[in-house]
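Okay, structure first, notes after.
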Amino acid sequence: MSSISFDITIKAVILDIEGTVAPITFVKDVLFPYFLRAIPDTLSPLTYPIQSSSTNTIEAILSNFPSEVTESKESTFKHIEYLVKNDIKDSTLKSLQGFVWTAGYESGEIKAPLYDDAIAALHRWNEEGKKIFIYSSGSVKAQKLLFQYVNVNDKSVDFNGLLSGYFDITTSGYKFETTSYVNIIKDIQFSPEESLFLSDNVKEVSAALEAGLNSLIVVREGNAPLSEEDLKVSKTITSFDQISI
Ligand SMILES: [Mg+2]
């Protein structure tokens, strides 16, 4: 297997999550369906109409929806289903999802499916003294949750101890923008030349390269196909085993 190396030793690796260390389908095929399945049982024990003064955590979250929505269990469910099906970004929905997914991870029903080569590389790089960071559009809170419950031989294993920092769009900016990578470089205190960003998204790779970082395109099963133009942006890898840093 040919190995990709760099001009100088890489000291910091910045990783995207979906399509890079975990299947791109995890959120769509696992997290979203889990949430919708869990919602009826989550809503059943609540008192309707939902009161904003409620001390119940779920009722307190739901009370941020318009009051006509939370009149009954049925109307609440309909509203949530509508937001999910139409992929509407809603902060109350996000809080509710965070709550439901946390419970799912804690009960062992959800485990994060990291690729074997990514798991091996996280251990290897850590032993070699490299610093590993995460940059994902999912919130830092969601990132930590995912890495807390990684599926290793059907057991949840906490990988957060191998990670040195987390970045999302609120800490650093949008992933297609060069300035976001400049911001991250400032925060991690490594030079762009000794940093490597890995992502399945060519626009993200392009922005990182523009900021002076090393960057490779990660090709995984189920990822969006790459065009001829995409392939000109950077080299591709199908496994982290192909990198020698
Ligand atoms: Mg990705």
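In case you wondered, yes, glycine gets a Cβ from its N, Cα and C as well.
Of the residues K94, K111, K155, K175, TrEMBL puts just one in the substrate site with S136, S137: K175. Mg(2+) binds D16, E18 as TrEMBL records it, and from the list D187, D200, D230 the residue named for this site is D200. Among the binding-site residues listed (D16, E18, D200), D16 has its Cα nearest to the Cα of S136 (substrate binding site).
Checking the binding-site residues D16, S136, S137, K175 against ligand 1, the ones whose Cβ sits under 6 Å from it are D16. D16 (Mg(2+) binding site): 22 other CB atoms within 10 A of its CB, across all protein chains. Taking the centre of the Cβ atoms of S136, S137, K175 as the substrate site, the nearby residues of that chain (Cβ within 8 Å, site residues left out) are D16, I17, Y135, G138, D168, I169, E204.
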